[in-house]
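Feature list (source: Swiss-Prot):
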- E155: active site (ACT_SITE)
- C111, H154, H158: Fe cation binding site (BINDING)
Amino acid sequence: MLTMKDIIRDGHPTLRAKAEEVPLPLSTEDRQLIDDMLEFLKMSQDEEQSRKYQLRSGVGIAAPQLNHKKRMLVIHFYDEKKGDYVTHQLINPKIISHSVEKSYLPTGEGCLSVDEAVPGIVHRYARITVKAYTPDGEEVKLRLKDFSAIVAQHEIDHLNGVMFYDHIDKADPMKVQKDAIAVE
């Protein structure tokens, strides 16, 4: 079981390294890792488990955050509009197309690897198409928008050694780009 102790923090060199492609089919070790990542997110969102194991709630996690330079990520959150969970375990994800239109979270973004709040607006593509593989080796193309697109871009950034705060305008952190859409 993964805990907060397994998550490396801002300043660790792995967070700034480009992660490597993962060979398919997945090794037993890689399969265990991506399944543990999903379990962590589920437990972090469960009030009782989160309190018991002192987990910070997360909606996404990438293998580099666990000090594995591998192109794997997991997204898991409850989508109120759909009335269901959005869950993706992705191997070697690539953004193959995106909208011109940008979106952002008005409250800013956070990260399991960054302990302190970093105020500022992070602009992301409003819609993206991601090509990736499932843990079973099946190729998938996901069309994501709104919160799903923001979370996916945040996690894919981790695979490329980019932190969310790298996108914040240093001169005017709360500046919203013209025509950018707020995602509530």
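First residue shown is number 1, and so on along the chain.
Just so you know, glycine gets a Cβ as well, placed from its N, Cα and C.
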Can you list the residues of the same chain, besides C111, H154, H158, whose Cβ falls within 8 Å of the Fe cation site's Cβ centroid?
G60, A62, Q65, E109, L112, S113, E155, D157, M163, F164
Listed in sequence order, residues with CB under 8 A of C111 (Fe cation binding site) and six or more positions away:
D10, H154, M163, F164
When DSSP states are folded down to helix, strand and coil, where does H154 (Fe cation binding site) land?
helix
Long-range Cβ environment of E155 (active site), under 8 Å and at least 6 residues apart:
G60, I61, A62, L73, V74, I75
Under 8 Å Cβ to Cβ from H158 (Fe cation binding site), same chain, six or more residues apart: give me those in sequence order, or none if nothing qualifies.
L15, A19, A62, P64, Q65, L73, S113
